[in-house]
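For reference, TrEMBL has these:
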type     : residues                                                               : note
ACT_SITE : His102                                                                 : active site, tele-phosphohistidine intermediate
ACT_SITE : Glu176                                                                 : active site, proton donor/acceptor
BINDING  : Arg101, His102, Gly103, Leu104, Ser105, Thr106, Trp107, Asn108, Arg152 : substrate binding site
Amino acid sequence: MGYASLGTQPSPAAFLPSLLARGRLHLRPSPLHVSPHLRKRTGKLGVLTIKAAHSGMSNVSVESPPDNEASVTGAAYSFSGATTSLTNEILTSSKKITLVRHGLSTWNAESRVQGSSNLSVLTETGGKQAEKCRAALTNMKFNVCFSSPISRAKSTAKIIWKGKEEPLIFLDSLKEAHLFFLEGMTNADAKREYPELYTRWREDPANFHVNGIYPIRKLWGTSREAWKEILLTPGENLLVVTHKSILRALICTALGLPPERFRSIDVNNGGMCVFTVNKRGEAILQALNMTAHMYSDHTYQY
């Protein structure tokens, strides 16, 4: 009940001419398996010329890409937008990046808008969460730790990095978004006193602006700067400790997502994300918001 008969569904091929005519479909070279029967008829291996009945399509060549030209991130041959380089230059080695959100802060606990304020500090619970992060990463060997210099992230990073000889580097590009006069206000007060502005911040953050400044759009540029600073640093296994909004921007820029997707990503206090990045600076998301260590003695090895 409620299921359409498969026999009534139009063939995907039926839509091909109209899609081509409207410019909605563009064919590119792609691997094609040719059956022995068809190979005999065409006389070619792996290459086939298609004649379309529709005037908008003719003589489309479909062939396997040369092995040395296939992208190292999924053989996305001839699709220039399939991957995004975060560095625009070749790296000396591939890298693994672990992103960590700071532990619970005072303003997290009080449901206040934090932004770039340094007045929100790590709570006792947040300190324990940082300790859990440290324990969860005990089997991991990191070359460098990067952190936001803002107090709650800085304190989290120092707890995680305690006892290590490798450098702990504070980057201004990892600071949280600046939210102007909303910072320090409870969410309830901000909603009551600035209803239109607060609603835009919550529901349309990409277009949230004060005095012509768009903090989230600006954050996208900042996150690209942060990625370059991080990835151009020597070392193959790097740790980053920062805030939720900049984490969202780091993840989205790595995946080629625009500021409009800001709230499509979430990372809990103490949550971890993992990227692998190849020598071209192309990132692959391996894990998002890992939190098993928050509720158990779980340790990670990757």
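Using N, Cα and C of the backbone, Cβ positions are placed for all residues, glycine too.
Note that the structure is predicted; figures quoted are calculated from it, not measured.
Here the Cα atom of the residue listed as 'active site, tele-phosphohistidine intermediate' is found 11 Å from that of Glu176 (active site, proton donor/acceptor). Taking the centre of the Cβ atoms of Arg101, His102, Gly103, Leu104, Ser105, Thr106, Trp107, Asn108, Arg152 as the substrate site, the nearby residues of that chain (Cβ within 8 Å, site residues left out) are Ala109, Gln114, Ser120, Val121, Leu122, Thr123, Gly126, Thr156, Asn269. The Cβ of Trp107 (substrate binding site) has 21 neighbouring Cβ atoms from other residues within 10 Å, across all protein chains displayed. A distance of 11 Å separates the Cα atom of Arg101 (substrate binding site) from that of Glu176 (active site, proton donor/acceptor).
By the criterion of other Cβ atoms within 10 Å of the residue's own Cβ, the least surrounded of the binding-site residues Arg101, Arg152 is Arg101. Binding of substrate is attributed in the record to Arg101, His102, Gly103, Leu104, Ser105, Thr106, Trp107, Asn108, Arg152, and the widest Cα separation among these residues amounts to 15 Å. Between the alpha carbons (Cα) of Gly103 (substrate binding site) and Glu176 (active site, proton donor/acceptor) lies a span of roughly 14 Å. Over all protein chains present, the Cβ of Gly103 (substrate binding site) has 28 other Cβ atoms lying within 10 Å.
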